[in-house]
Amino acid sequence: MMRASPARIALYVISALVLIYLILPVLIIAPISFSSARFLTFPPPSFSLRWYQQYFSNPAWMQATRVTLTVALLTVVIATPFGVAAAYAISQSKLRIMRLIHMALLLPLVVPIIITAVGIFFVYAKIGLVATMPGLVLANVMLGLPYVVISVLAGLQSFDPAQEMVARSLGMNRLRSFFAVTLPQIKSSVVAGGIFAFISAMDETIVALFISGGQYQPLTKRMFTALRDEIDPTIAAISTLMTAASFMLVLLASARQKRSG
Amino acid sequence: MTTSVPDPSQKHQRREHGLMLALVSPALLVILALIVLPVGWLAWQSIYHDGFTLENYRRVFTEDVYWRSFALTFEISLAVTVIALLLGYPVAYLANSVPKGWSILILSLVVLPFWTSVLVRAYAWLALLQRSGVINQFLRYLDVISEPLALVHNTFGTVVATVHILLPFMVLPLYAAMQKIPNDLMQAGASLGASPSLTFFRVFLPLSLPGVLAGCTMVFVLCLGFYITPELLGGGRTVMVSMLVSRNVELYNQFGAASAVAVVLLLGVLVIFFIVSRFISLDRVLGQK
């Protein structure tokens with residue numbers, strides 16, 4: 001319509017400013033991480049990899065990285081099949097209780113995370129799971145489940161269950177027909193759900209603050225503690241790597257989703 | 001199917017139900033053990049300590065520290081919601097009104113920060129806003145200021161970073177609601193002689209209200225329980241409810257009080273969701289992300 005109206009121009013300007021506000025912080029971290037300066041200066045005085053070196057040569061950061069990657073991988077391995085099975089049952093079953101179960105599975109998105117964190121801490125303290133690997137993984141499985149369920153349910157929505165019935169009427173059992181007919185068609189949403197669960201586990205901070213400790217502290221907990229004390233550019237290096245990892249995973253997830261239409 | 005079974009279809013259906021329940025049970029078990037039980041535990045702990053007591057709630061509702069923190073959390077959440085709406089609406093509107101390629105670009109920029117850890121973004125804001133930070137250096141370079149501004153370690157820094165983190169939760173439902181508004185309605189308004197601003201305020205804006213409600217609910221509720229930004233950017237003075245909970249646990253070992261605060265916060269969130277669900281489907285609120 002009227003492209004050059006003042007209102008339209010104002011809309012462009014405001015939107016551009018808001019978008020800059022949104023992406024500026026994401027873009028600012030990489031240059032800081034490659035700067036040689038101890039204190040944050042912008043533009044950076046000279047290019048340097050010293051903060052990356054410091055990250056990779058520090059045993060504490062390396063141990064935390066191992067914990068984060070292990071937790072995230074185990075979370076995906078457990079949360080994905082659990083979430084797929086649940087989403088399948090929710091979409092296929094006519095039981096009335098399924099609606100309630102569906103809502104229960106989305107609870108981690110509804111309950112403020114600080115409440116979940118403190119609650120898990122109290123329960124873990126009773127049964128001795130504080131500062132353990134299984135405790136950390138279980139909590140992240142719970143937090144990752146909604147992403148898998150939402151993604152797979154969306155995938156199943158465009159899937160015609162009659163196809164599976166056909167396979168079964170041709171003599172396949174339930175399990176085989178699921179793996180042969182249903183799963184290939186919802187594969188991309190399963191992968192996307194798994195990737196979201198991975199990112200959720202990799203970024204999770206608040207629950208880890210309460211329940212992790214000793215040698216089983218993930219990166220985010222160490223970063224949080226470090227940020228409370230002083231601003232160390234090593235964190236910029238770690239942040240850059242984490243952001244790069246997240247983005248690659250998201251691109252992977254969306255590429256998959258697009259390929260299958 | 002064998003003919004000896006009296007009612008094969010009923011038996012078949014029971015097996016089907018059993019299978020479906022078995023399939024959801026692992027996920028359900030994880031949810032029950034790791035969120036329903038812990039929250040239930042909190043609720044129990046808030047009223048039981050060697051006998052039933054309402055002491056924790058009396059403290060939460062009468063002591064100044066708690067009261068101030070609840071008020072501050074409410075104010076910050078309200079401010080964050082209003083700012084996010086004012087910033088998010090134009091962006092969603094633009095994304096809705098430009099050709100597809102552009103709207104994909106705009107929405108990608110909106111969700112880009114989504115996939116950066118909250119912690120990383122808090123760090124970025126510290127780097128941008130602190131006394132020797134990028135923004136202060138820039139403003140001094142331009143000679144706009146002579147002394148660095150106190151942009152962080154206060155409520156201002158908290159709000160700036162929190163809005164940044166929650167803005168995508170506002171833009172996406174707004175955009176989804178605007179997508180549903182048929183374009184001909186606006187054209188009809190224009191063809192009947194209404195000015196663009198009149199059609200906007202009388203036709204478009206009211207029709208986008210479900211999106212406004214969904215976005216505002218999500219942002220407000222998420223903000224009520226926010227922890228990382230006030231803790232890292234609030235400078236210790238911006239004590240939001242979440243910090244009250246964590247301090248009671250970590251510093252003072254006041255588990256009962258922490259639980260009571262958590263229960264009040266959770267009830268607040270549930271009441272908001274309940275009220276909102278009377279007006280719009282909750283899928284609309286939770287469907288994002």
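Glycine residues also receive a Cβ, built from the backbone N, Cα and C atoms like all the rest.
Per TrEMBL, the features are:
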| type | residues | note |
| --- | --- | --- |
| TRANSMEM | A:9-34 | transmembrane segment |
| DOMAIN | A:65-253 | domain 'ABC transmembrane type-1' |
| TRANSMEM | A:67-91 | transmembrane segment |
| TRANSMEM | A:103-125 | transmembrane segment |
| TRANSMEM | A:137-156 | transmembrane segment |
| TRANSMEM | A:177-199 | transmembrane segment |
| TRANSMEM | A:235-255 | transmembrane segment |
The transmembrane segment (A:9-34) in contact with the transmembrane segment (A:137-156), cutoff 8 A, at least 3 CB pairs, sep 6+: no
Maximum Cβ pairs under 8 Å to the transmembrane segment (A:177-199) - stretch from the list A:67-91, A:103-125, A:137-156: A:137-156
Beyond the flanks of the transmembrane segment (A:103-125) by 6 or more, those residues with Cβ under 8 Å of it: 86, 90, 135, 139, 142-143, 145-146, 149-150, 206-207, 209-211
For the transmembrane segment (A:235-255), distant same-chain residues with Cβ under 8 A (at least six beyond the ends): 26, 29-30, 32-33, 51-52, 54-55, 61, 191-192, 195-196, 198-199, 202-203, 219, 223, 226-227
Contacting positions for the transmembrane segment (A:67-91) when only residues 6+ beyond its ends and CB under 8 Å are counted: 98, 101-102, 105, 133, 136-137, 140-141, 144-145, 147-149, 152-153, 156-157, 161, 178, 182, 190, 193-195, 197-198, 200-202, 212, 215-220
